[in-house]
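The structure under discussion appears below in the form of structure tokens.
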Amino acid sequence: KDIDECATGTHNCRADQVCVNLRGSFSCQCPPGYQKRGDQCVDVDECTLPPYCHHRCVNTPGSYYCQCNAGFQLASNNHTCVDINECDANNPCAQQCYNILGSFICQCNPGFELSSDRINCEDIDECRTSSYICQYQCVNEPGKFSCVCPEGYQVVGGRTCHDINECETTNECREDEICWNYHGGFRCYPRNPCQEPYVLTSENRCVCPVSNAICRELPYSVVYKYMSIRSDRTVPSDIFQIQATTIYPNTINTFRIKSGNENGEFYLRQTSAVSAMLVLVKSLSGPREHIVDLEMLTVNSLNYRTSSVLRLTIIVGPYAF
């Protein structure tokens, strides 16, 4: 019967060796991961032998293990490295995450930009990027911005301010008043602007009756007109044309600014025998109201003189839009 020297302890294997019983004998072998070199067992460097690790191999006494680069993890075979989808595992990005091989990229929603840590997102202050982004005022909001307009205007197209015509919507004018819309607001003017001794003959036209002795020294008619201009309008600029409504033969017409031009903002240029153009020569800032009397003097061959006045109310809006 074979004696198991390994079991009885009658072998002479070294402590770092493994005893293997044989029929009628025994053998001293090295444990797995070691090889005999003379009488000693020395570690086998598996990292120099196949199968090789996908990324990195770490030798250990009697064995080895594989390691993966950052962004990868070991597959179930403990040799192959597979990509880690950081976006699914533990989304590190503040807003948008895109997985790439071995890593990830963060991106931000529109209106935000990546901060210096490349993870978080910071709001872009669009109002600071350009002073022309809004026609009037820009209001920054998280991820976006909005434009606001002053009172009397409404936002059109997201950025432009458009005048609200209060005369077509709501206004406080009375029945005996007419509503006149201007850039940024409205005003109420009397439907009958005539003052003694003038009488109203048609809408906005007042006539001084020749039967009244006082009228001989006054203009025969006064016509009331209204117009609106924006603030800081480019000059020189033609803004209003005055023209004779009735043309008499053998007469000469001359035009002048009778009043309302004390600061020299206007100039009246005669354009024909029966018309003249009011020119704005100094820029006007609003809100402001100018009342300018434009007079047409008519003289005939018999030296008969008469005059008519156009009282022009110019309303300058508060803004250049």
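Yeah, the Cβs are placed from backbone N, Cα and C, and that goes for glycine too.
TrEMBL entries are annotated by machine, without manual review.
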Member of C30, C41, C57 annotated by TrEMBL as disulfide partner of C47: C57
Number of Cβ atoms other than its own within 10 Å, given for C47 (disulfide bond): 15
Intrachain residues whose Cβ lies under 8 Å of the domain 'EGF-like' (123-162), provided they are six or more past its termini: 109-113, 183-185, 318-319, 321
Inter-residue C-alpha distance, C57 (disulfide bond) and C97 (disulfide bond) (nearest angstrom): 31
Number of Cβ atoms other than its own within 10 Å, given for C87 (disulfide bond): 17
CB contacts for C97 (disulfide bond) [other CB atoms within 10 A, all chains]: 18
Confidence summary for the domain 'EGF-like' (2-42), mean pLDDT rounded: 90
Cβ atoms near C57 (disulfide bond) (within 10 Å, other residues, all chains): 18
